[in-house]
Amino acid sequence: MIIEIITIFPKFFDSFFEHSIIKRAIKKNKIIFQVHDLRNYSNNKHNQVDDSPYGGGAGMLLKFPPFYECLKKIKKSFSKVILLSPQGTLLNQKMAFEYVNEIKHLIILNGNYEGIDARILNYIDAEISIGDYILTGGEIATIVLIDVLVRLLPGVINSESYLEDSHQKDLLKYPQYTKPKIYQNQKVPEILLSGNHKNIKDWRYNQSLKNTFFKRPDILKKINLTEKQQKILLEIKKKLKEG
C-alpha cells in the first residue's frame, strides 16, 4: 500500500514513522509513505498557501491551487483521495478493512486553520472524520487513520491480534488479565486459569457482550443480534433486576 500525505507540516510525521508497528511495516515493505509539503506548490515567492475567506469571517483558509497542483502531479487513475474533516464519515473498523482490501494508493489531504477552500471537494473521493470534535489540524487525524490501516495490512501483526480487537466483531473486547494471579486482594477469574479452552472461549464471548451492553449499548442497537446473544443479554438484564 502506498500512502501519500499533503500537509503544511511535513516534519510532523517524522517521529511517527520511526516507531513501533509503523516502522516495522515500512521495513517489511508493507507500506510506502510519501509526504508532500504543500508550500512547494504555492507558486509564489513567499510560499504562501493560505488567505482570508471571501465574504469575511475569522481565521485563514488554505488555498485551493496548491492542493490542485500537488494532486495533478501525484494522483493516478487508481488513487483514492480523502480529506480529513469533522464533516466527514466517522471512521470505523469496517471502513478501515475496506480501505486495506480495496485501495493500493491513498492520498490524504490535511486541512489547517479554518479548513480548505471548498473547491477541493470536487477532487476528493471521501471525507473522513475521527470524531465529533475539532483538532488544530488534520495531521493528528491522519496519524490515527494510518495507524488503524497499517495494523490491518497482512503480515504487519499477527492476524489473531486484530481479529480479537474491540469493534472487530461489532462488539467490545472482553477483559484481559496477566500475572500475578492475585494483587491487592484482586484475583484473576478462575476460569482463565482452568485450561479449559471451550469454557474460556464461552466466558470471553459472554464478557464481550456484557462489556458492550454496559459501555456502548448504542452498538447493540445497530447490529442484528443472534439468538444466542439475545439469550445472554436477557440473563444479564435478569441479574441486574435481581440486584
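Glycine residues also receive a Cβ, built from the backbone N, Cα and C atoms like all the rest.
Taking the Cβ of Tyr133 (S-adenosyl-L-methionine binding site) as centre and 10 Å as the limit, one finds 7 other Cβ atoms among all the protein chains shown. Taken from Swiss-Prot, the feature S-adenosyl-L-methionine binding site applies to Gly111, Ile130, Gly131, Asp132, Tyr133, Ile134, Leu135.
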Quick one: among the binding-site residues Gly111, Ile130, Gly131, Asp132, which has the most Cβ atoms sitting within 10 Å of its own Cβ? Gly111
For the binding-site residues Ile134, Leu135, which one has its C-beta crowded by the most other C-beta atoms within 10 angstroms? Leu135
